[in-house]
Structure formats: structure tokens, C-alpha cells
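Worksheet: one structure, shown below.
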């Protein structure tokens, strides 16, 4: 499906350039470095985030002994904090007239937070540190949410705003799907292997149940050899997911460099009816 999707995207671009009587988006917009940079940043950000997030809730339950509700609270830190921080990010843009400087702050902070999550993934670690990392990730996410949309809006004229935002949304959705695929591939190729490596011989007969069923994983009491082995296996898999997401996110420095440092406070707004 990924290959088919890629072929369709390439076909769409070729159709826009050579065959469409009324292009969805003018070709010079498709080659505009600000628009391209914003879309690639969204693609990279979504891949990076979904490389590890899908298994984070179960990780918190098994490794950090949180309940389903508590794990949900931690995992939803991003949704709560980023929603509040959007107002602060918007105020910063209004005050300075520029938005690119926020990206230079948000990208390193986001990468740092994901890197710290690798360090704090241990079952002996304090879960508050993971919450701290989630807050830092929320700061980066709130910066990306506004600045990517603003970059796209600043790069095109009023007539093509809807098309440009649709393009940004498509690349972001594609990034999320790619991230899910990478996450699933890492989980499949690491978790079961780690279980075989860490589980005591007496528990290997239940390997399939442990591998595929969260309640079975949680059924082993805290401190038992089986639970410790499962925790180590989670750490083994989650480390590789986070490492993949962090490495991919490093590409964001290139995409931010592509985006022009536009002063949005000096741009004229279109008013009235536009035909």
C-alpha cells in the first residue's frame, strides 16, 4: 500500500504539471521552498511521533505499573499541554512578526525530549521524568502545529490557501501511516526476540500468549522473573522505536532551513469577496 500510495502521489504531481487543464496547485507553489519545507517537516514530525507512540500506553502499564487510566493521562499530556501552549506560541508570533525562530527552538527541544525518553524508559526510573519529556514534546508539537500551517499560508496566495492546507494535511497523514508501519515492524522484529532472550525457561511455553496479549503480560506479579523479563523486552523494543523516531526527526533541521524567514506581520490580508 505504501508503494501504491507513493506511485499515486508521483502520478498526481505529473498530472498537475503536464495534463490538468486547471491545476489543483500551481507548479511554482509545488517548488516553493517554504511550502515544501513545511510539508516535509510535517511528514518527518508525524513519522517520528508515531514510531513509538502506539505502544507507549502498554509500556507504561507493564514497565511503570500504571493503571489504564493513569497511562492514558500520561499519554494524553501532549493533547492537554499543547492546546494551552498554542496560545503562547501565537502570542510570540504576534509579538515578533516572525515564526521561523520558534521552529529553531521547537525542533531541538523535541529531539532532546525523545532522546531523554530513551534514557528514562527503565522500570526503576521515576515516571515523572517521562511526563516531563511529554511536556517538552508538547512544546515542540505546539510550535510545529502553528508554524507549519503559517508557513504554508504565507507561501501561497489567497486563492490557493485551501489546496496548500490540503497538501500539508496529506503529507502529515502519510507521515503518520509511515510511522505506524515502522513502529509495527520494529515491534514484530524485536519484542518476541527479546522475550526469548529474557524469559526464564519455565515461561517459554507461554511465549505466544505473553507476546500477543497485554492482560497476560500484566498478570505476572511485580518483581517476578517473568515480569522483569517482559519489562526488559519492552525496554528493548521501545528503545529502538524511540531511536528510530529521534534519528528521523534530525532531518527536520534541513526542512526548517528551507523555510524562508517571512515577516507575517507585514503581509497584507485579503478582504472582501474573492473570485
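Each residue, glycine too, has its Cβ placed from N, Cα and C.
In TrEMBL, the feature transmembrane segment is placed on 163-187, out of the ranges 38-62, 163-187, 188-212.
Between the listed ranges 101-120, 221-240, TrEMBL ties the annotation transmembrane segment to 101-120. Packing against the transmembrane segment (241-259) from elsewhere in the chain are residues 33-34, 36-38, 40-41, 44-45, 47-49, 51-52, 55, 100, 103-104, 107, 110-111, 114-115, 117-118, 121, 151, 179, 182-183, 186-187: each is 6 or more residues past its ends and has a CB under 8 Å from a CB in it. Long-range contacts of the transmembrane segment (163-187) within its own chain (CB-CB distance under 8 A, at least 6 residues past either end) are made by residues 2, 5, 9, 24-25, 29, 35, 38-40, 42-55, 148-149, 152-153, 155-156, 237, 240-241, 244-245.
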